[in-house]
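The annotation heme b binding site is assigned in Swiss-Prot to His63, His92. The domain 'Globin' annotation in Swiss-Prot covers 2-146. Summarising the annotation, Swiss-Prot assigns N-acetylvaline to Val1. Sequence annotations record features per position, and here Swiss-Prot assigns phosphoserine to Ser44 based on similarity to another entry. Here Swiss-Prot flags Lys59, Lys82, Lys144 as N6-acetyllysine. The S-nitrosocysteine feature in Swiss-Prot is assigned to Cys93.
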Amino acid sequence: VHLSDGEKNAISTAWGKVNAADIGAEALGRLLVVYPWTQRFFDSFGDLSSASAVMGNAKVKAHGKKVIDSFSNGLKHLDNLKGTFASLSELHCDKLHVDPENFKLLGNMIVIVMAHHLGKDFTPEAQAAFQKVVAGVANALAHKYH
C-alpha cells in the first residue's frame, strides 16, 4: 500500500489512541451480527444467536484480539502486506475456505469501529488512510486465492 507521510502519520496517530483489543473484539462481533453468514466459520464459538450473545462472547473477543494483533502487525509492514499476511492467506484459503470477500467486510467493520471509538478524532483524512490500509490487507489476505 502506498501511503503519503501525512497518511502514515494519520494512521499512527489514530491507532495510538485506541485499545486494539477492544477494536478487534467489536469489529469481529459486528461482522458476525451484520453479516450472519460469516458465523459458519465460528461453529465452535458457542452461542451466537443474538447481537448481545455475539458481542458478549468470550471466544469472539479472543479471536477479535488475534485478528487485530495481526492487523496491527500489518501496520508495521505496510510496504510488504502480501509477505506479512502470506501464511494467514494460505490458512484461510486452503484450510478454512473463507470467502475472500469477508476480508473486505471485516476491514470495513474495523473502520466503522475506529470511527465509533474516536469520534471527531477520526478525521476524514484518517478514514481515507485506513480505508487504503484495510483494502491492502484484504487484498493481501486474498492473495493465495488467485
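Just so it is clear, glycine is given a Cβ too, placed from its N, Cα and C backbone atoms.
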In sequence order, the modified residues (Val1, Ser44, Lys82, Cys93) whose C-alpha falls within 10 A of Lys59 (N6-acetyllysine): Ser44
In angstrom units, rounded to an integer, how far apart are the Cα atoms of Cys93 (S-nitrosocysteine) and His63 (heme b binding site)? 18
Which residues does His63 (heme b binding site) neighbour through Cβ under 8 Å, counting only same-chain ones at least six apart? Leu28, Phe42, Phe45
Lys82 (N6-acetyllysine) to the residue listed as 'phosphoserine': how many Å between their Cα atoms? 29
On the DSSP side of things, how many residues of the domain 'Globin' (2-146) fall into helix, strand and coil, could you say? 120 helix, 0 strand, 25 coil
Over the domain 'Globin' (2-146), work out the mean pLDDT and round it to an integer. 89
